[in-house]
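Notes follow once the structure below has been shown.
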Amino acid sequence: MNLAAMDPTTYDAQLTAKRIKLEQAFAQFETPSVEVFASEPAHYRMRAEFRIWHEGDDLYYYMFDKVLNDKVRCDQYLPASALINQMMAALIAELKPNHSLRHKLFQVDFLSTLSGEILVSLLYHRQLDDQWRSEAAALKARLSSQFKVNIIGRARKQKIDLDKDFVVESLQVNDKVFHYKQIENSFTQPNAKVAIKMLEWAIDVTQHSQGDLLELYCGNGNFSIALAQNFNRVLATELAKPSVDAAQYNIEVNNIDNLQIIRMSAEEFSDAMAKKRSFRRLEGIDLDSYVCNTIFVDPPRAGIDPATLELVQGYERILYISCNPDTLKDNLQQLNQTHKVTRFALFDQFPYTDHMETGVLLERR
């Protein structure tokens, strides 16, 4: 965190600097003009994590400022959603006088939605007992008069859900509303309004597509569910079981009937497509029946591994969302040999940081 950089009056200038840096970094690939999608300058993060500082009877949230090299008290937090800021104040007022709930509490995580739900995770350096459960249930009841809230308690090898461990987000994407189950402690796009812009951009660049879509690293189905409208069928892979379970829920709640999720890594799928290995998880799925002219990838920060990159290169069109411009640039060194970048976008998921979320559409030369 860098508190000094979090100044909404400088947001536009900081975003312009990011765009220039991105253009310069990718100039060798002769990319088209960068499409820039700005964030709200404040209250844009739908999740936030805070450490807890105990000082006598006082109790407060803090973060570590890497520039000041010190902890900074956070009674409110400009990047966090308005809902998180409201909950921060209400929760700390409840925790301060309650010995059972504050005892050895060291962290609080918030996950909120545009649809008005919020999940609060309380993390402890002690095992949680029946008294904690009783006090937490009473806390939830009191907070429920103001919030659509659920509470989770966590300790070493222990997790207590008072009700459920997820929220359901609703995103208005063009003329449709998509509903997404977002599970506590699983990856979700933190900036919901920019996430909407990412979905709308991905839908736009894949309009009038022919055939089917293959997606690797699909998470909770965020992109594949929205993109299903542009393809005959969608085949998507994801390794993390909680994300796969959420994706199946999201497919059902959004009434998507042309999307198949497979629980396997991108590397495993590459082996399956190359017929190097067979997998029981693929029983009943005829990979050869899919006519995937387009592949969508949203890899982790490490980028795409060499075997999967070779697989990706075999498709006519490649839609690549990247959370790390350095590994995207490395991957483009190979992809650029056979494909040309025809759309290029910067999504400002993380204002006031150096982080750049990018999107590229590549089409075979």
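Any Cβ shown, glycine's included, is placed from N, Cα and C.
Take the S-adenosyl-L-methionine site that Swiss-Prot assigns to GLN189, TYR217, ASN222, ASP298: the candidate from GLU238, GLU283, GLU316 listed for it is GLU238. Residues GLN189, TYR217, ASN222, GLU238, ASP298 make up the record's S-adenosyl-L-methionine site, and a Cβ search at 8 Å around their centroid adds PHE187, CYS218, GLY219, ASN220, GLY221, PHE223, SER243, ILE321 from the same chain. When Cβ neighbours within 10 Å are tallied across all protein chains shown, the highest count among the recorded positions GLU238, ASP298, GLU357 belongs to GLU238. Counting every protein chain shown, 22 other Cβ atoms lie within 10 Å of the Cβ of TYR217 (S-adenosyl-L-methionine binding site). Cα spacing between GLU357 (active site, proton acceptor) and GLU238 (S-adenosyl-L-methionine binding site): 20 Å, rounded to the nearest whole number.
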